Structure formats: C-alpha cells, structure tokens
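Features of the protein shown, as given by TrEMBL:
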| type | residues | note |
| --- | --- | --- |
| REPEAT | 215-250 | repeat 'PPR' |
| REPEAT | 317-351 | repeat 'PPR' |
| REPEAT | 418-452 | repeat 'PPR' |
| REPEAT | 519-553 | repeat 'PPR' |
| REPEAT | 589-619 | repeat 'PPR' |
| REPEAT | 620-654 | repeat 'PPR' |
| REPEAT | 655-690 | repeat 'PPR' |
C-alpha cells in the first residue's frame, strides 16, 4: 500500500542535510555531533522550537525553521529509526512553518497507525485552503485503519465548511456522535461554527444547548451565526441576554457582534443601552468595539455622537478612519468626508482600498470629475491595491461624472474581470443612456462563461426597458424565475418596471401581485408605471392598496398619486391627498408641493394652485416651473410672464422646462413675437440647447397663428430629425388652415414614424373631408382597417359633488344621459338665439354620414 512505503529519497536528503550541517564551522551542533543523543534529549531540544512556532511571524519564521531542521538532522544522524512522538512533533513544526513539502516527505516515515501524523497533515491541507485534499486524506486515514481522535475532527469540519459540504458535515457529525466526541469543546465548537456559517442555525443551536462547557468563543460563534441571518435579529438579542445570565462574561468580540446588529436594524434604544454597558465594562476604547459603535451611530444618523467617539479613540487605526469617512458619506456629508480623508493622510495613516471605496461615492454624488481624477491619481501613485470593490467604485465614479470613456478604459485595462465589474459597467451604461452598450456587456459576460448574479440581471433589465426590447426582457425574466431570484425585492421591482415600460402593464401587474414581499420601491414603481401607461385610475387604486398594506408613503408615492389625480382628473382625490400631506411630514417637501400645484392647475383650480405656491416656505426651480406652466396652460400669459420675472428676481435661473411653458403659453395666446423672443432668449442669453419639445412648441406657435410656412421653416432648420410629435403638430395646423400640400408631406412622415397612431389618420381624413375629397377619405379609412388601427375615442369630463363624470361622442352609457342631452339641446338653442353659428364644415359626420371614419 501507498502508506506502507518509505520515501527513500527523503531519508537520503535528510542524512545529507545532517552531514552538511555538521561540517559547517558555524553550526549550532558542530560540537554536539560527535555525541549520540537519545530521543528524550532531542525532544527536549525540540520543545522550545515548537513553542516558538505558536507565535510565528515573518521575522522569526526563518530562525525557527532552521533550528527545527537541525533537530531533524540530529534525529537522522543519531540513527533514531522509530520516529514516534518526536517525528510527529517535527512534522507539526514543518506544517506550522508552511514547509508542506518537507512535512509530506516526513509523513511517510512515521508510524501511521496513530492519528497524530494524519491530524497534522490534514491540518496543513486545511491551512493551505486545499479542503478537498484534507477531506480525501481523512478518508484514506479511515481506509488505512487508523482511528481518528478528537483532534482530527476540527480541521476536517473546517474543510467541509470550506467547500460548503453540508451533507458531508452532517454525516461526519454522526460519526463524531458515535465516537463520543460531540461534547468536546473543540469538536463541538467546530460543528457549531460549521452549521452557523452554512445557515443551519437550528442544528447549531441544538448542539450549542447540549454543550456542557461553553466558553466565550462558543457564545460568539453562535451570536455571529444569528447576526449573519437577517431573520434572526431577535435571537441575537435573546442569546446575548442569556450569555449575560451565564458564568461567561461578554468580551469585545461579543459586543462588536451585537452592536453590528443594532447598526443594521436601527435598534436605537438597545444600541445606546449597549454603549452604556460597554463603557461600564471598560471596553469603549477597544478598537473593534469603538469601530462598531461609530458604524452604529452613523447608521442612526447621529454623526455628532460618532465623531465625538472617533475623537476620543486614543490611537485610531485605519478601520476607525474608514468607518468615520464612510459614515459621513452615508449621511450625505461629502465635504466633511473629504476633509477627514485629508486629515487621515496628514496623520500618516495610509489609506487602503476600503478607504477609497468609501470615499469615491461622495465624488459620484457631487459629480466632481476633477476631484475624482485627483483621487484616482493618488491611488495610482501610491500603488493602492485595486481590489474588485475599488475598481467598481472608480468605474461608478466616472460613469456618474459623465466620463464614459475613462470608465471603459479601466474596464478594458483590467487584467481580471469578474461579474461584479461587468455589473458596474452595465449599470453605468444604462445611467448614461447607452442601453445598447449595456446589453453588449451582458452578452460578453455570457460568452466568457460568467454566471450573472441577481444584481447583474436587475441592472440589465432597465436597458431592455429603455430599448423596449420585450423579447430580451422576457428571456431575462425566464432566467430569473429559473434561478429563484424573483423573490428578491429589487429584482422583482426591475421586472415589473421593465414590463411596464415595454407597454405590458398586464404582465407587470402579474409579477407585482406574485411578489411575497413588497417594499416602498415596488409600490412606487407600480404607481408610476400606471401613470406612464395612461392608467390613472389604476394608479390611484394601487396608492390606496399601498396604504392598506401598511407600507409607508414617501415623496415619490405622493407625487405619483397627485400626477394620477391630475391626469384623471379627480380633484376630490387630490384634495384628500392634500389633507394627508398637511397632517404628515410631507407638507414642507418642495417636490410634493410642486406636484400639488400641477394637480390643482390641471384640475382647473388655478386659485388653489397659487395658494399652495404662495404658502411654500422654500421654493426651487421645480416649484417656479410648476406655477408658470399652470398659468400658461390656463391662457393667462401676462401672469405667466410676471411669474417668470419674479423667478429671476428670486435668484433662480430658468431652465429648458421654464421656456417650454412660456413658449407654449405664447402659442395658446396667439403671441407669435413674444414666443420668438423667448425662444431666442433661451438659446442666446441662457445658452440652453433647444430640445424636441421646444421645436414642437415653435411649430405650434406659428401653426395656430396661420403661419404654416413659417412652421415648416422651423422644421427644416432643426439640427435633429423631427419626431412624430413635430409632424403631427404641423398636420394639425394644416388641417386648421386648409394647407393640403404641406399636410400630404407631414402625413407621409407620420405614417412612417408612427403608423399605429389613429389620431394622425383622423386629422388627415378630416382635412380631405373639409376639401371635399371623399375618395381620399375612403382611402385613409381603408388603410386604417388594413393596418388594424383602431380609433381611440376622445372623452370629456366634469366633476360634480366629488364625482368625476366622463363622456364620449354620442355616449349614452351615463345613467342620466336623457336629462343631459335635453339640457344640452336647451343650451344649444340659447346659443343660437344669441347669434352663435356652428362651423359645420369641421363636423365630418354631418357632411359625410355614410362613410364616416368614426364609424366601424
């Protein structure tokens, strides 16, 4: 058998080493080599060497190994063939000194019927991280017929933990129980740690309760196991209280573990009580405890307390500095974080990758590219280790500062790229509107055989949403469902958002309703998606369900619900939400108040909109734009322009939204010259580049005034290709003023850009009907049927007694439709008596009832 053979070459090398050592004049054993030492004497010489192995450092490992080899040489020179306990001790010395080759060579010279040599070699494999080899050697030990002892199992258990072999660990537990080693403190501790690290907390606790002796290490292992499980926070607290009632006193490791749970769960009161207990025990200045306290207070947003504790630490190490810098960044104090970083460098504490990973998000938020480049330069000059977290932070910083090229260069120059870095690239491309590039990185990731994680998939889904790539989105959803990621909150939210933005609100609702847990982000995503997909009633329903489900509203929830009320419109719902805002903490939120202004304006109550604006304690560009747009949409151009001047006097710079509202108001009021003036003011005085919406407003400005050629001139002067909205605006102007030539040109572009929009077909048909070209009307109607275009009916609305009543053309669905039509007839008679003359030429159905495009 393999284990019965002797390694002759190893023996020969050992003898050669001994002879060489004895021939050197500086050898420690030159004078002793003429004597024959007994095994007991050599064991006494080896004892202090083994003792020094327990405290090995880089500085003394060489001297310890040299002395140990000299003892090994003396064993060979003195002809001690029966290498029993002495040989095992030398083997242990080689293992502890990381000389594994020498350890293996010596192993085959020992008496392998004893467990000790096997234990040392298994320990060596485990220390090296070769867990499979350690487990294989354990099985060879069993095959060889050597019985394991209580010192065998701790490292075999550790090897099982290293490869997450839970079933093998449980099988091993059965063997340990049968051998009676389960109650041993070292074996039991190893099993408890194994179970705790692999999520088997029930098994860990069962074994923990059986242990007759429980030292602080064992308690801490169990506490750490509970702390790593988000669902076992209460168990951490209860177990800590039980530990305090026991004979074992908590130490710094215990307090660090329990305080870390308080920080993650924002258990403010309990955390403060623990701090008092720490002070009482005299452990407040212990480095791990102080660091955890700083992290806890940072999570509590109590930066004053965190900084006070930081300043009290007598010798703050790198971890302490990193914790305080990270606390400032997490709470949005970016300037303070940068200032503390400079203090850290001045204190001769060398920053590491964690320092910069904590600091760079502050640059990303402020979008200070110059500062980001300076930090990147410092990292390169001082050879800071570029781990995966630091690379991600640098890539994220460049993306958020808009320097896509720099981020891409770092990605290309990285010698080793993993799934985390690829995920950072995907998120960065999506953030900068480069969704196609994001999908390319995802495809490259798959080609390189990398396995996308939940964050990768959740980051890729927005790219599908932006490109309306429903097929790819469905494929990703299939992968998510197959791997069981759909239950993860942020993944489920990304899937619902993707379906909603791809126009499949029905699928978005299905995914949303199947989610077992829904946080505020999920609810907000659904409410916003309903608003974006022209389903305001459904948005309000989800808003009500959100409250009934116990989820807390935030400013996004409130703003989205108010937007739904504005689009419905439903003034009574809007007033109810306004009442809720006044009673809650949102009454001073500038974005919520801006949404209120927009809601009241779109519901026709301009006075209420002004009152909200007038009572605002703090105004910003968004609130000014909301009130300017409100007055502009109501045709109150003078008030709109007065507000514009007031905005500038208040020190706020108008942006592209401001000018969009003003130009639109000029168009509705027929003030062409004012509209042209403010368009030129926007481009020349404020340097704002016109967007598609501004050109559409200019086309509408000229079109409403009958200046159709000038409107077409605006389109020809555009530096970007006009979209369907631009051509649709021109077509509407042509229809209003009877310009069939330009209408034909606009129609050709529209049918190519948006062939499923029924409104453009109806506009063109009505234009030809006004001109008496009924053959063209029939042709357009036939084209609509061929392409399956359905006319979306228009609706009017009115609100009576807090109820919204909606009407369509020739609608008889209302329960009081007979009385309504009777009232309308009476009003029409009153109008005719006052001299009103209807424009019959604009009513297609009266002139051409037999072939109306409105009919089926």
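Glycine is no exception: its Cβ is also placed from the backbone N, Cα and C atoms.
The list of residues near the repeat 'PPR' (215-250) in space but at least 6 beyond its ends in sequence, with Cβ under 8 angstroms from a Cβ of it, reads 185, 188-189, 192-193, 195-197, 199, 201, 204-205, 208, 257-258, 260-261, 264-265, 267, 270, 281.
Summarising model confidence by region, the repeat 'PPR' (620-654) averages a pLDDT of 90.
According to DSSP, the repeat 'PPR' (620-654) comprises 26 helix, 0 strand, 9 coil. Long-range neighbours of the repeat 'PPR' (317-351) within the same chain, counting only residues 6 or more positions beyond its ends whose Cβ lies under 8 Å from a Cβ of the stretch, are 287, 290-291, 294-295, 297-299, 301, 303, 306-307, 310, 358-359, 361-363, 365-366, 371, 382, 384. Panel annotation: around the repeat 'PPR' (519-553), residues 489-490, 492-493, 496-497, 500-501, 503, 505, 508-509, 512, 560-561, 563-565, 567-568, 570, 573, 580, 584, 586 of the same chain, lying at least six beyond its termini, place a Cβ under 8 Å from a Cβ of the stretch.
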